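So that you can see what the record holds, here are the features copied from TrEMBL:
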DOMAIN    24-157  domain 'Peptidase S54 rhomboid'
TRANSMEM  33-53  transmembrane segment
TRANSMEM  65-84  transmembrane segment
TRANSMEM  90-110  transmembrane segment
TRANSMEM  122-139  transmembrane segment
TRANSMEM  145-163  transmembrane segment
TRANSMEM  175-198  transmembrane segment
Amino acid sequence: MAVVVRLQPQVTVELMFYPPISEAQPYRYLTSAFIHSGFWHLVLNMYALWLLGRVIEPVLGKIRFLALYLVSIFGGNVAVYLLAGLTGVWNIGAVGASGAIFGLFGALVVLSKRVEANMSGILTLLAINLAFGLLVPGISWESHVGGLLVGMLLTWMWTLIFDSYRGQGVFQGKALLRTLADAATTLIVVSSLALVIAL
């Protein structure tokens, strides 16, 4: 889809999230995640989706994973909408799946905490990415924060619901989940360092 930005800019205009017209065109709350501002924007988001998805999807299942992804997109754009007036960026469009990616990070934080996995790598990476979004112009930190909070909240609610139906809790193999969370943390940290070195 990043190619669409270059070849068909009108498609981007029609699909990006744009706060002033979002009430009249609510589809933009989701469609904006499927277009990106450039090649590297798309590649980095899809790489993060691959890393996080490998760990989270087997734990949550396909349907809940898809729901988490879509609800995090929506939550990220709701945050953009709510904070746009406060931050003075009301007339700037937002594109990309970063809200959804941060929603997956939020889910990983909740799942890792649940199995008492080492979260230092995840939390460090989140802090770096949130700071990067705040310091570098043109990055929708509002979408990142909104997606993160929605992902955490939704995953936390699922764990409460499943715990009420299962005596052992939602997760059958805590050791497996702990191993997966640790592996994901290691992969994410190593990948982030590689990207920083490459840039």
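Just so it is clear, glycine is given a Cβ too, placed from its N, Cα and C backbone atoms.
Automatic prediction, not curation, is the source of TrEMBL annotations.
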Go through 33-53, 65-84, 122-139, 145-163 and flag the stretch with the largest number of C-beta pairs under 8 Å relative to the transmembrane segment (90-110).
145-163
Looking at the domain 'Peptidase S54 rhomboid' (24-157) alone, can you tell me the average pLDDT?
87
Residue list, the transmembrane segment (145-163) vs rest of chain: Cβ under 8 Å, 6 or more residues beyond ends.
60, 64, 67-68, 71-80, 98-107, 109-111, 114, 126, 130, 169-170
Do you know the DSSP helix, strand and coil residue counts for the domain 'Peptidase S54 rhomboid' (24-157)?
105 helix, 1 strand, 28 coil
